[in-house]
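Below you'll find the structure, written out as structure tokens, and then a few comments.
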């Protein structure tokens, strides 16, 4: 409401003047009327008239006052009634919310409530793993390829990954929320994102990430690459096999799976890993890159995708040849050279199990063969082509590893060694030792294969040609021959 004169409403009262009701709308009119009335009589009459006017004015104002009070009282009662209805509705809503809360908790929905039940807030539904304080011994071991990944439980591996991001300065550099980082790691590690495959599981993810962290330290990459490059390397390592189904690209293409159709038979698994990785990062509660600029995120995203796609072994020769062309004149300020290096590094870490000590590497081979055999069995049942190195009826540990180490691992790591000579003793030499180990095993296997037919024919000849009457001597002789054959095979 304004206070200007235009909004002023004159006050109106009715007075009985000489037996007639007269309307008085201004104080000035009231004053004139009173003066006029009083001027007609004597002094006593004037006083009576004045008192009469005042009493009528007072009565009018009294009526107005009580009328206003009645109106206000009615409005107040109505407002109280309305507020009362509101309170009833509010209580009803509260009861409905409490009921809904109980139903949600019962069904395990992803929402939680405060203790008083008044506030509904989204629950991240991410298990809160305990924070392990890593010993100095563990911290130093994490930086080496000899790290034994089999001695660590799931939550301990998560703590190690979290430590790596903090130690490399990535949390500070990219303004990552530490809770978001933890939640992202936990979400990645879940069984629906890293499945419980014999080989391609979360422990393999940790293994690759730890090797990447070790190579960053071993090759002094913190002094040669940017923080963005290191973030790309580590994040690609963590995400590189997300939601791996346990069946390789060859199976996906031959079986015309949904992934093969979706990605037109072009690196279906690797494309899927990328998609899942950024589906998780797109979740606000898991977005470790939420606090960086849009353009910076676009660059990180594209680079991470490029590295994950490079883990397709079908591109091995192409990527290694490109790196070989640059390694002799490598320039760390050249973007193309650095990109080639990052592609080779992610490949090295992905297939680096044989770099580790035999007691660490050999269980990984068992896991890999188990996964291979699962695929070959399925391929046989579905009438699909079976790769010889996956066929349980044809492959052995030595035959599975010798060619892979000689023609894939050693050439690649020796090429990287040209740029980082310090890796020879701790990474390349173990590969050579592993090759020699499996070649020796193969020689023994081959000797046993040759001895078995000879043993069979010799025993048959002895049994058929002998005229000895004592069959016990013949049986004993057979046992001696078998023992001799085993001894030859062992030698």
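We number each residue from 1, going along the chain as drawn.
Using N, Cα and C of the backbone, Cβ positions are placed for all residues, glycine too.
When Cβ atoms from all protein chains are considered, those within 10 Å of residue 200 (active site, proton donor) total 25, not counting its own. Look at TrEMBL and you will find 200 tagged as active site, proton donor.
Per TrEMBL, the feature AMP binding site maps to 200, 201, 202, 203, 204, 241, 350, 401. For residue 204 (AMP binding site), the same-chain residues 6+ apart in sequence whose C-beta sits under 8 angstroms from its C-beta are 241.
Around the Cβ of residue 241 (AMP binding site), 27 further Cβ atoms fall within 10 Å across all displayed protein chains. Here TrEMBL flags 204, 240, 241, 350 as Zn(2+) 1 binding site.
Residues or ranges marked as Zn(2+) 2 binding site by TrEMBL: 241.
Mean per-residue pLDDT, taken over the domain 'PDEase' (122-445), amounts to 95. Annotated domain 'PDEase' per TrEMBL: 122-445, in sequence order.
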Most distant Cα pair in Å, residues 200, 201, 202, 203, 204, 241, 350, 401 binding AMP: 23
Residue 401 (AMP binding site) to residue 200 (active site, proton donor) - Cα separation in whole Å: 18
Cα-to-Cα gap, residue 202 (AMP binding site) vs residue 240 (Zn(2+) 1 binding site), nearest whole Å: 11
Most Cβ neighbours inside 10 Å, all chains, among the binding-site residues 201, 401: 401
Cα distance (Å, whole number) from residue 350 (AMP binding site) to residue 200 (active site, proton donor): 11
Least Cβ-crowded entry, counting other Cβ within 10 Å, from the binding-site residues listed as 203, 240: 203
Count of other CB atoms lying within 10 Å of the CB belonging to residue 350 (AMP binding site): 22
Integer Cα-Cα distance in angstrom, residue 240 (Zn(2+) 1 binding site) to residue 201 (AMP binding site): 11
